[in-house]
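Visitor: One structure, as structure tokens, below. Some questions next.
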Amino acid sequence: MDIIIKNGTIVTADGISRADLGIKDGKITQIGGALGPAERTIDAAGRYVFPGGIDVHTHVETVSFNTQSADTFATATVAAACGGTTTIVDFCQQDRGHSLAEAVAKWDGMAGGKSAIDYGYHIIVLDPTDSVIEELEVLPDLGITSFKVFMAYRGMNMIDDVTLLKTLDKAVKTGSLVMVHAENGDAADYLRDKFVAEGKTAPIYHALSRPPRVEAEATARALALAEIVNAPIYIVHVTCEESLEEVMRAKSRGVRALAETCTHYLYLTKEDLERPDFEGAKYVFTPPARAKKDHDVLWNALRNGVFETVSSDHCSWLFKGHKDRGRNDFRAIPNGAPGVEERLMMVYQGVNEGRISLTQFVELVATRPAKVFGMFPQKGTIAVGSDADIVLWDPEAEMVIEQTAMHNAMDYSSYEGHKVKGVPKTVLLRGKVIVDEGSYVGEPTDGKFLKRRKYKQ
């Protein structure tokens, strides 16, 4: 064996057990029994042994609002590793007037040899010409089996219903999964412009211009269009009861409706956008944070198996230099917030509070995203033959989240001041220790591109 992990409590989505495990050549080769000698033995007494976290919603080196986000693959993936995440699926964004192949080549240049953990891509389709829709057919051969479209941001990303239908139809034929940002873009734009015309330019009006019904209407429409062409569909970042009801209604009538929520929708509210000294701009993301009552609704849905995962939607817009561009007009504030490092710790608080079980935690942050996005059982579980992506978790360790302790390129944390109990201590990527007792010890060449399998239609 290369490594033996002994005395830990193994937690998977299927159960909890006490067993030692052996690792060789990057794979888990034995669980329990006599393991024999190893080059290194790690004592995991008092710790949970989790599969590495999988974050299927990140925007690492993104360009939007005429500016470049702060993180690189090097900084964002080190942050992810230190938070217990060993795989991300990042959004590879097509440039208008360019092919999808050019987008993939661009992302390969940014991520290749510069990622601390394993990574894959979803494709964001910004310019859905007929030739681009046809080009979607070749993506699964590259291991890219999901793509995203937007029902919001007219003039930037927004597509019409016919294009969404074409995209869904193409996905069925190619074994891919369409991910949809569901907001009624015209309604949001109308309210945004109306508020600004009335002199209402503070960050809070970002939330007020995108009320829950703006999200719910588009969610219902996207699900109906998927139903029309009998396609699976994945609704990203569900935030509120109104949208959740649409997802559940669709499921009840047999639509293959999948959905995620994100960490910030479990903890932040629209009142955070009213923080003084323009601090509210830190919490401008889309869809916006909702009411506190929605936290309970979302946690209940997580417990009841409605959601596939909790993602971070990590997007690294600095407070100084990015967000402050919108001091006089909330429409100029780049939308998005960091969270790839904090994700597992924040979701784990749901275990401490009795909102979800320990096995549900693993299901939501690792196993289910691996299954949905074509990585299981290579990723997302602890089993013989799986990649040795492992997190040793101290359930008793406590910390207060502060940006000074994070590893990204940001100047704030969305969860600044939150006290958490339960933190990752040691992280292995394919059998290599990349975080050792809280310290990053890996290399930027550790991560590899992950070719994902087709979605099971």
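For all residues, glycine too, the Cβ spot is worked out from N, Cα and C.
I grabbed these lines from Swiss-Prot:
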{"type": "BINDING", "residues": "H57, H59, K148, D313", "note": "Zn(2+) 1 binding site"}
{"type": "MOD_RES", "residues": "S69", "note": "phosphoserine"}
{"type": "BINDING", "residues": "K148, H181, H237", "note": "Zn(2+) 2 binding site"}
{"type": "MOD_RES", "residues": "K148", "note": "N6-carboxylysine"}
{"type": "BINDING", "residues": "Y153, T286, N335", "note": "substrate binding site"}
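So that I understand the layout, could you describe where these features sit and how close they are to other parts?
Guide: In this structure, H59 (Zn(2+) 1 binding site) is part of a beta strand by DSSP.
Reduced to three states, the DSSP call for S69 (phosphoserine) is coil. In sequence order, H59, V60, E61, T62, V63, C315, S316, W317, H322, P334, G336 make up the list of same-chain residues 6 or more apart from S69 (phosphoserine) whose Cβ falls under 8 Å from its Cβ.
Classification of K148 (Zn(2+) 1 binding site) by DSSP places it within a strand.
Over all protein chains present, the Cβ of K148 (Zn(2+) 1 binding site) has 22 other Cβ atoms lying within 10 Å.
If you draw a 10 Å sphere around the CB of Y153 (substrate binding site), it holds 18 other CB atoms from the protein chains shown.
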Visitor: In the same chain, outside H57, H59, K148, D313, whose C-beta lies within 8 angstroms of the Cβ mean position for the Zn(2+) 1 site?
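Guide: Other same-chain residues near the Zn(2+) 1 site: T58, F91, H122, V236, H237, S311, H314, C315.
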Visitor: Write down the Cα-Cα distance for H237 (Zn(2+) 2 binding site) and T286 (substrate binding site), rounded and given in Å.
Guide: 9
Visitor: Restricting to the chain of H181 (Zn(2+) 2 binding site) and a gap of 6 or more, list residues whose Cβ falls under 8 Å of its Cβ, or answer none.
Guide: K148, V149, F150, M151, A152, N157, V236, H237, T286
Visitor: To the nearest Å, how far is the Cα of D313 (Zn(2+) 1 binding site) from the Cα of N335 (substrate binding site)?
Guide: 11
Visitor: Indicate whether H181 (Zn(2+) 2 binding site) is helix, strand or coil by DSSP.
Guide: strand
Visitor: Cβ-Cβ under 8 Å from H57 (Zn(2+) 1 binding site), same chain, 6 or more residues apart: which ones?
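Guide: Long-range Cβ contacts: V89, F91, V236, H237, E260, C262, S311, S312, D313, H314.
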Visitor: Identify, in sequence order, the residues in the chain of N335 (substrate binding site) that are 6 or more apart from it along the sequence and have a CB within less than 8 Å of its CB; answer 'none' if there are none.
Guide: S64, F65, H206, V284, F285, T286, C315, W317
Visitor: So how far apart do the substrate binders Y153, T286, N335 get, largest Cα to Cα in Å?
Guide: 11
